[in-house]
Amino acid sequence: MPEDYEKYRMGSSNESHQKSVQPISSSISKSNKKTKHQTDFVQDSDIIEASSINDEFGEVKRDLKARHVSMIAIGGTIGTGLFISTGSLLHTTGPVMSLISFLFVTTICFSVTQSLGEMATYIPISGSFAQFVTRWVSKSCGAANGWLYWFSWAVTFGLELSVVGQVIQFWTDAVPLAAWISIFFVILTIFNFFPVKFYGEVEFWIASIKIIAVFGWIIYAFIMVCGAGKTGPVGFRYWRNGYAWGDGILVNNNGKYVAAFVSGLINSIFTFQGTELVAVTAGEASPRALRSAIRKVMFRILVFYVLCMLFMGLLVPYNDPKLTQDGGFTRNSPFLIAMENSGTKVLPHIFNAVIVTTIISAGNSNIYSGSRILYGLAQAGVAPKFFLRTNKGGVPFFAVAFTAAFGALGYLACSSQGNKAFTWLLNITATAGLISWGFISVSHIRFMKTLQRRGISRDTLPFKAFFMPFSAYYGMVVCFIVVLIQGFTVFWDFNASDFFTAYISVILFVVLWVGFHFFFYGFGKDSFKMSNILVPLDECDIDSGVRDINDAEFDIPPPKNAWDKFWAIVA
């Protein structure tokens, strides 16, 4: 740990701005220099002492280990997006554009996770980045962003439930779809009331199955490309003779591939959504777990996403009729289609079981993530206080119950418009997630400016993000541009349904932001004071929640055996 950071934590530098650095449970109540925004950080309608909140409601526990944190990030990401919605992406954009889309979103993910890592390791609190926007941008913006991000995960839980039964119907449709949804709805909800260490342990082993399966599929795909399947050597067969770029999505040839690329970004972003989950665990994870997991994000993305997309494009032609056939989402999965096209009989059934496990794991992570975001919003004073209440295991049970209730959206799959409902939910969650990514970058820019104002070098932080501040500005600009243009194709043949599908999350965010602004500051002329619209740098709170962490807590012990070395690399 850099010496300057140690001095800063112990209160020996920057005296003009310094407060004693203590856990959030005490730093707010004991600070003598609270600004309006800082005191609002844990209040509802009146100023509430953080220590009294913990006494009354309890608090989450830091029971997650490094392997748990890494697997939660993987478990929440590798799910419906990768295994199922990539089929729609491949069909719409072709193999090359799909790969380019994945690589482009990879750059956004890298920027966002780097920004998040620098902030979350410095101030490790539950639902961290929802609170960061509240502290460093504005309370109303933070409330809107946090609620929208929570909404995206609550809706994603419903989306996962809508798919799991259809995946099981790959084998049999004797059991009604609603029955499968109900079974997993109840099981996953109940499980999230157990202490977080049990959640972390189960998620570790389920996510381990995912990792082994994805690695196995990549090896299998490589062998098939080289000629082991019934079709002989495939190579780049489906990248030649016009197959590489697909058909585009416009009737004329003007810009049809650009339009396809932009339209396909939503599928790509939905697939990648969840890479930021490592920061959601900040309040329940050890410091070394956070830093280690964030450093490996890029490796996981390149292996689990980019390589998979590459081989899917090599083995499955974009115009394969199976990508759009009726009969359930699993039958549209490029993973299974690649196996079937290669003549493998048993593997599709084995991999379908993996997909079922994957969706269950993702749904589990959806509830966990949403509940911790809601807990963080309550800490920040922008959600009702009762969401802070925890059980003896440190689980915010009201937050869990409220988040899980949105699993009822899964029953939309039982209607005749089930596929349309899936697309609608996918667009809502992807766009909402992208808005949150953009504000993570905005928060990091404000965080860096506040550090600079206080004379604190980023070299002294527990984790220093790469390519800053350029990377943060890149993430902010690209995220907001994509949010605005991702649905532009609806204007070619405009109808209200498609418009709201594309932009409902944007509309919801604006309504929440304006509504919270007037709720917090009223309708008077002071409502539009610049300090209410954007927190002044001198008032940005970078003290509350900073933990007194010693060097040993950041040291990662060396692997003891080959098994430890393997997990040290992949997780």
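From the backbone N, Cα and C atoms, a Cβ is placed for every residue, glycine too.
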Which candidate in ASN427, ASN495 appears in Swiss-Prot with the annotation N-linked glycosylation site?
ASN495
What stretch, picked from 92-112, 258-278, 393-413, 465-485, 504-524, has the most CB pairs under 8 A with the transmembrane segment (148-168)?
393-413
Which residues of the same chain, at least 6 past either end of the transmembrane segment (92-112), have a Cβ under 8 Å from a Cβ in it?
86, 238-239, 243-247, 249, 257, 260-261, 263-265, 267-269, 271-272, 275-276, 297-298, 301-302, 305-306, 309-310, 312-314, 318, 437, 440-441, 467, 471-472, 474-475, 478-479
Which secondary structure state does DSSP assign to ASN495 (N-linked glycosylation site), in the simple three-class scheme?
coil
Best-contacting stretch, by C-beta pairs under 8 Å, relative to the transmembrane segment (204-224) and drawn from 174-194, 297-317, 422-442, 465-485:
297-317
I'm a bit unsure how to read this: which one of 258-278, 297-317, 422-442, 465-485, 504-524 has the highest number of Cβ pairs shorter than 8 Å with the transmembrane segment (393-413)?
422-442
